[in-house]
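Asks: According to TrEMBL, the protein has these features:
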SIGNAL    1-22  signal peptide
DOMAIN    25-318  domain 'Plant heme peroxidase family profile'
DISULFID  Cys35-Cys115  disulfide bond
SITE      Arg62  site 'Transition state stabilizer'
ACT_SITE  His66  active site, proton acceptor
BINDING   Asp67, Val70, Gly72, Asp74, Ser76, Glu88  Ca(2+) 1 binding site
DISULFID  Cys68-Cys73  disulfide bond
DISULFID  Cys121-Cys314  disulfide bond
BINDING   Pro163  substrate binding site
BINDING   His193  heme b binding site
BINDING   Thr194, Asp238, Asp246  Ca(2+) 2 binding site
DISULFID  Cys200-Cys225  disulfide bond
Amino acid sequence: MASYHFLLFALVGAIALSEADAEKKLSPDFYSSSCPKLLPVVKQGVIKGIKDETRIGASLLRLHFHDCFVNGCDASILLDDTSNFIGEKTAAPNNNSATGFNVIDDIKAEVEKACPGVVSCADILALAARDSVVYLGGPSWKVDLGRRDSITASRADANNSIPAPFLNLTALKTNFANQGLSVKDLVVLSGGHTIGLARCLTFRAHIYNDSDIDASFSKSLHSKCPISGNDDSLAPLDLQSPTHFDNLYFKNLLAKKGLLHSDQELVNGGSTNKLVKKYATNTAAFFKAFAKGMVKLSNIKPLTGNEGQIRINCRKVN
Ligand code: HEM
Ligand SMILES: *[C@@H]1O[C@H](CO)[C@@H](O)[C@H](O)[C@H]1NC(C)=O
Ligand SMILES: *[C@@H]1O[C@H](CO)[C@@H](O)[C@H](O)[C@H]1NC(C)=O
Ligand SMILES: *[C@@H]1O[C@H](CO)[C@@H](O)[C@H](O)[C@H]1NC(C)=O
Ligand SMILES: *[C@@H]1O[C@H](CO)[C@@H](O)[C@H](O)[C@H]1NC(C)=O
């Protein structure tokens, strides 16, 4: 009994310590003296990017997600392929799909002017995701800062770690659990699909083969996305308002109008139904949980201290 208690103490102590450690490493005011203009510079760059092309807000949010799910939020997704380096941009989930890299380049150039060599690309991506959501009408959250940039990338890990749209609910839960994210995080962060577009290739099987889809909704997509061809033609993930961050995504799911198979899986009768209903009827609850989920997503396995580097050009290792 005594040794059992000792073990419990040791365990609780170790957990408390490692949590304190993680908090010490990243903090919202990491750059407050080294780069006081960082937040307004990133925000202005995001707003300019979205004004030039409305979709960019969605693209930046997705870039951050695809960065964090592949060995942590370390800007690995931003590294270009070269003749002797294979990065993540051509991995299956990103090739012909991930965009927004030029906007990150523009923002990084402005940040370098204000404070050369100080701010990581990984932190810029985390801030740009938040600023995009806010500008499109969604919730805000404090972004912890102090991440450093990787000197490597992994196309294989990008293929394997980023969830595919044909996954079922069980596989989606496992995929998020592998990143330390809960079932609630899975449901609420899927709400990121309240903005942005998807290619025919990613929803074809859902509109032709699945039964959990509204018949008139699937039919309305047939001309845009025929049984073969037009792989790259785009449809909104939230059919009513793909440029506005709201809770219509969840309302669509209840009406069997989710665009991706993986979206509609969230209401297949399991425990996630309740959460979808809650977010469909309560925008405040969705926004609060989304902000909380984003902080968890943004804090996946950062490089800190002397790990990695501060890239000067986000596309290549210094
Ligand atoms: C739950 C598992 C998820 C799956 C299976 C998934 C899958 C997809 C797919 C297939 C697309 C369209 C890609 C294409 O056309 O090539 C997409 C787009 C998008 N995803 Fe997800 N996603 C998931 C979770 C998330 C999360 C957690 C976020 C952010 C919080 C997110 C944000 C986005 C955004 C904003 C877009 C639109 C991007 C644009 O228009 O450029 N997704 N997702
Ligand atoms: C990426 O897409 C391009 C254009 O469709 C294609 O030529 C290339 O083979 C793809 N890369 C990979 C690794 O699949
Ligand atoms: C990853 O996916 C691409 C297709 O985009 C494929 O060409 C490649 O062989 C896959 N695996 C690895 C390890 O890169
Ligand atoms: C979900 O998908 C996995 C992998 O494809 C499969 O093994 C499993 O049987 C599926 N689960 C359900 C409940 O359909
Ligand atoms: C629909 O399912 C059938 C049988 O599994 C398969 O052969 C076909 O390729 C699927 N169609 C689409 C568009 O995914």
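Glycine residues also receive a Cβ, built from the backbone N, Cα and C atoms like all the rest.
Let's see these features in context: how buried, what's close, how far.
Replies: Within 10 Å of the Cβ of Cys35 (disulfide bond) there are 18 other Cβ atoms, across all protein chains.
In three-state terms derived from DSSP, Arg62 (site 'Transition state stabilizer') belongs to a helical segment. Around Arg62 (site 'Transition state stabilizer'), the same-chain residues at least 6 positions away in sequence with a Cβ under 8 Å from its Cβ are Ala98, Gly100, Gly192, Gly196.
His66 (active site, proton acceptor) is surrounded by 22 other CB atoms, counting those within 10 A of its CB over all protein chains shown.
For Glu88 (Ca(2+) 1 binding site), the same-chain residues 6+ apart in sequence whose C-beta sits under 8 angstroms from its C-beta are His66, Val70, Ser76, Ile77, Leu79, Asn94, Ala153, Ser154, Arg155, Asp157, Ala158. Mapped onto three states, the DSSP output places Glu88 (Ca(2+) 1 binding site) in coil.
DSSP assigns Cys73 (disulfide bond) to coil, not to a helix or a strand. Listed in sequence order, His64, Asp67, Ala122, Leu125, Ala126, Arg147, Leu297, Ser298, Asn299, Ile300, Lys301, Pro302 are the same-chain residues six or more apart from Cys73 (disulfide bond) with CB atoms under 8 A from its CB.
Around Cys121 (disulfide bond), taking its Cβ as the centre, 30 other Cβ atoms fall within 10 Å, counting all chains. In the three-state DSSP classification, Cys121 (disulfide bond) falls within a helix.
Packing around Pro163 (substrate binding site) is summarised by its Cβ count: 19 other Cβ atoms lie within 10 angstroms of its Cβ, all protein chains included.
In the three-state DSSP assignment, the secondary structure recorded for His193 (heme b binding site) is helix.
When other Cβ atoms within 10 Å of the Cβ of Asp246 (Ca(2+) 2 binding site) are tallied across all protein chains shown, the result is 19.
Within the same chain, the residues at least 6 positions away from Cys225 (disulfide bond) whose Cβ sits under 8 Å from its Cβ are Cys200, Phe203, Arg204, Ile207, Ser233, Ala235, listed in sequence order.
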Asks: State the count of C-beta atoms found within 10 angstroms of the C-beta of Cys314 (disulfide bond), not counting that atom itself.
Replies: 22
Asks: In whole Å, how far does the CA atom of Cys314 (disulfide bond) lie from that of Asp74 (Ca(2+) 1 binding site)?
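Replies: Rounded to the nearest whole number, the Cα-Cα distance is 11 Å.
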Asks: To test your reading of the Ca(2+) 2 site: which residues beyond Thr194, Asp238, Asp246, same chain only, put their Cβ within 8 Å of the Cβ centroid of those residues?
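Replies: Checked against the 8 Å cutoff, the neighbours are Gly191, His193, Ile195, Gln240, Ser241, Pro242, His244, Phe245, Asn247, Leu248, Tyr249.
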Asks: Counting only residues 6+ apart in the same chain, whose Cβ is under 8 Å from the Cβ of Asp238 (Ca(2+) 2 binding site)?
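Replies: Same-chain residues close to Asp238 (Ca(2+) 2 binding site) (Cβ under 8 Å, separated by 6 or more) are His193, Thr194, Ile195, Asp246, Leu248, Tyr249, Asn252.
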Asks: Count the Cβ atoms, other than its own, that fall within 10 Å of the Cβ of His193 (heme b binding site), considering every protein chain shown.
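Replies: Taking every protein chain into account, the count is 25.
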Asks: With a radius of 8 angstroms around the mean position of the C-beta atoms of Asp67, Val70, Gly72, Asp74, Ser76, Glu88, what other residues of the same chain does the Ca(2+) 1 site pick up?
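Replies: Counting only non-site residues, the set is His66, Cys68, Phe69, Asn71, Cys73, Ala75, Ile77, Ser150, Ala153, Ser154, Ala158.
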Asks: Have a look at the binding-site residues Gly72, Asp74, Pro163 and say which one has the shortest Cα distance to Cys35 (disulfide bond).
Replies: Asp74
